[in-house]
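Now, the feature entries from TrEMBL:
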- 28-45: transmembrane segment (TRANSMEM)
- 76-101: transmembrane segment (TRANSMEM)
- 135-153: transmembrane segment (TRANSMEM)
- 168-188: transmembrane segment (TRANSMEM)
- 176-299: domain 'Fatty acid hydroxylase' (DOMAIN)
- 247-267: transmembrane segment (TRANSMEM)
């Protein structure tokens with residue numbers, strides 16, 4: 001009997017090893033296939049975008065050279081105009097549309113995606129006017145002078161108004177580095193502003209809105225506007241010696257993304273604002289933009305236990321996530 005049991009165990013061992021190796025091979029095959037498909041898709045996507053970029057490149061290069069001729073000897077005027085006009089236009093166009101919904105509650109198609117139900121429905125007009133005034137002053141008295149100073153700073157490294165426009169792949173690299181620098185600088189500066197030494201005098205102003213709306217993304221104390229809004233977005237272009245065209249696109253993207261993060265609506269096909277909306281609701285969670293540093297530092301642990309975390313996804317349909325992932329019923 002003992003001999004038979006020993007043989008069975010001896011026979012089962014190769015089978016188990018074969019099963020383990022088979023599982024490992026299947027896992028390697030699936031992961032390898034997925035990686036190859038991802039690389040192939042990425043190469044195809046960048047190839048098509050590069051073709052578009054290349055096809056239109058001559059047109060944009062010609063327009064850029066025409067602008068250089070127009071502003072010859074006054075390149076700083078071209079830089080300041082470009083680095084402020086397009087980003088500010090993007091900011092106020094997007095926020096103008098959102099403010100219609102915030103102040104009227106219409107159209108219902110948009111208002112039904114409100115994250116904090118019953119808040120800002122409609123928004124307090126007095127509080128809104130005060131916030132818009134502050135945002136305009138921040139843009140005019142702080143952002144504009146800093147952008148003026150950015151031009152000679154960039155020229156020390158590389159002329160931002162040089163004749164050659166950046167290639168598509170170089171712009172993608174810049175975008176990745178800009179995003180990484182902004183994530184690091186915003187997280188730590190933002191978390192520092194929550195320290196009791198700075199919160200009451202500086203950052204509390206921004207947190208007057210526990211249910212944020214898009215336009216208050218720049219509603220901040222002047223010190224916060226410089227340290228936490230302007231510098232994280234500007235250091236990347238300084239480090240990379242970026243061209244004005246890259247800076248224009250990057251500044252516009254940062255303003256649109258921060259508006260989405262504060263808008264108070266989880267809209268279809270747009271990045272989820274649940275993360276930063278929860279920060280305004282609870283104050284001591286979700287300090288970053290992407291959430292990477294929050295994960296590393298454990299400043300999103302409470303958020304991960306909430307329905308807001310379950311809803312923190314890209315909405316690919318038209319059913320509001322507050323309906324498809326409802327809050328648990330309140331205990332009476």
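Heads up, the Cβ atoms here are built off N, Cα and C, so glycines get one too.
Automatic, uncurated: that is what TrEMBL annotation is.
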Range from 76-101, 135-153, 168-188 with the greatest count of C-beta pairs under 8 A to the transmembrane segment (247-267): 76-101
Tally of residues which DSSP labels helix, strand or coil - the domain 'Fatty acid hydroxylase' (176-299): 86 helix, 1 strand, 37 coil
